[in-house]
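**Student:** Mind having a look at this structure? Questions to follow.
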Amino acid sequence: MTSTPSLPAVALVASCELPTPWAVFRLHGFQETASGKEHLALTLGQVGDGVPALTRLHSECLTGDGLFSLRCDCGPQLEAALAAIAKEGRGVLLYLRQEGRGIGLLDKLRAYALQDQGLDTVDANRALGLPDDARDYGVAAAMLNTLGVPAVRLMTNNPAKVSALTARGVNVTERVPHVAGRGPRNQDYLETKAARMGHLLPWLEQD
Ligand SMILES: Nc1nc2c(ncn2[C@@H]2O[C@H](COP(=O)(O)OP(=O)(O)OP(=O)(O)O)[C@@H](O)[C@H]2O)c(=O)[nH]1
Ligand SMILES: [Zn+2]
């Protein structure tokens with residue numbers, strides 16, 4: 001890391017134990033100074049030693065993470081990431097409050113309603129006058145910085161996450177494909193991510 005671009009200010013407010021079915025993680029609560037927005041990090045093992053940490057940036061999906069929705073793959077991806085970190089005994093999961101790729105919960109439900117009428121995930125956002133993807137990963141870089149994690153092996157199928165973190169001064173040493181929760185109810189959703197949003201899904205993967 002030669003020069004670190006300016007990152008949004010975040011405060012680490014509190015840390016505690018979080019026992020899960022996979023491991024006992026450390027749970028860290030962050031707050032963005034400018035907006036007051038709250039985010040979480042789960043860490044396992046010594047992640048501040050400079051060795052690239054197995055890392056997942058998980059974008060909040062209340063319907064998938066908490067309500068078992070089969071419209072997307074978020075819930076199974078969250079579980080798989082925690083399981084992978086536990087298996088390795090070391091790593092980081094950032095739980096970013098970027099619901100609906102950053103458009104928010106209620107606009108995501110508006111987009112779902114349009115998808116129920118046949119639009120795909122991209123066109124539904126556009127019909128609402130919203131960006132395809134409104135996420136900004138500056139806060140993720142700031143959280144990793146605070147945790148003392150300069151380098152990551154990133155679990156993702158989304159190249160935009162790799163380039164965004166890299167541009168924010170995080171050394172992404174490897175992209176680890178992260179596939180979980182594929183099923184008939186989210187097949188179109190996954191195909192759209194691959195075809196229109198540049199996601200590298202294994203059955204279409206070219207790298
Ligand atoms: N606007 C919108 N957001 C969605 C939709 N389905 C899921 N999401 C949100 O998408 C986010 C997850 O992003 P994805 O595009 O599924 O995957 P990703 O995080 O970019 O990529 P991976 O790291 O490979 O999982 C979560 O915040 C979900 O709430 C949808 O149909 N419309
Ligand atoms: Zn989801």
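These residue numbers are counts, starting from 1, taken along the chain as shown.
Glycine is no exception: its Cβ is also placed from the backbone N, Cα and C atoms.
Sharing the record's features from TrEMBL:
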- Asp133: active site, proton acceptor (ACT_SITE)
- Arg135: active site, nucleophile (ACT_SITE)
- Arg56, Leu57, His58, Ser59, Glu60, Gln77, Glu99, Gly100, Arg101, Thr121, Thr156, Lys161: GTP binding site (BINDING)
- Cys61, Cys72, Cys74: Zn(2+) binding site (BINDING)
- 14-177: domain 'GTP cyclohydrolase II' (DOMAIN)
**Student:** Output, ordered by sequence, the same-chain residues six or more apart from Glu60 (GTP binding site) with a CB under 8 Å from its CB, or 'none'.
**Tutor:** Tyr95, Leu96, Arg97, Gln98, Glu99
**Student:** Nearest of the recorded positions to Cys74 (Zn(2+) binding site) by CA-CA distance, picking from Arg56, His58, Arg101, Asp133?
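**Tutor:** Nearest candidate: His58.
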**Student:** I need the neighbours of the Zn(2+) site defined by Cys61, Cys72, Cys74. Which other residues of that chain put their C-beta within 8 angstroms of the C-beta centroid, in sequence order?
**Tutor:** Ser59, Thr63, Gly64, Asp65, Ser69, Arg71, Asp73, Gly75, Gln77
**Student:** Measuring C-alpha to C-alpha, could you say which of the binding-site residues Arg56, His58, Cys61, Cys72, Arg101, Thr156 are within 10 Å of Arg135 (active site, nucleophile)?
**Tutor:** Arg101
**Student:** Need the DSSP three-state call for His58 (GTP binding site) to compare against my parser.
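**Tutor:** The three-state answer is strand.
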**Student:** What does DSSP call Glu99 (GTP binding site) in the simple three-state scheme?
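**Tutor:** Helix, per DSSP.
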**Student:** Below 8 Å Cβ to Cβ and six or more residues apart, same chain only. Which residues does that give for Arg56 (GTP binding site)?
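**Tutor:** Correct list: Gln77, Ala81, Ala84, Ile85, Gly91, Val92, Leu93, Leu94, Leu154, Met155, Thr156, His178.
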**Student:** If I take the Cα of Arg101 (GTP binding site) as reference, which of the recorded positions Cys61, Cys72, Asp133 has the closest Cα?
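**Tutor:** Result: the closest of the recorded positions to Arg101 (GTP binding site) is Asp133.
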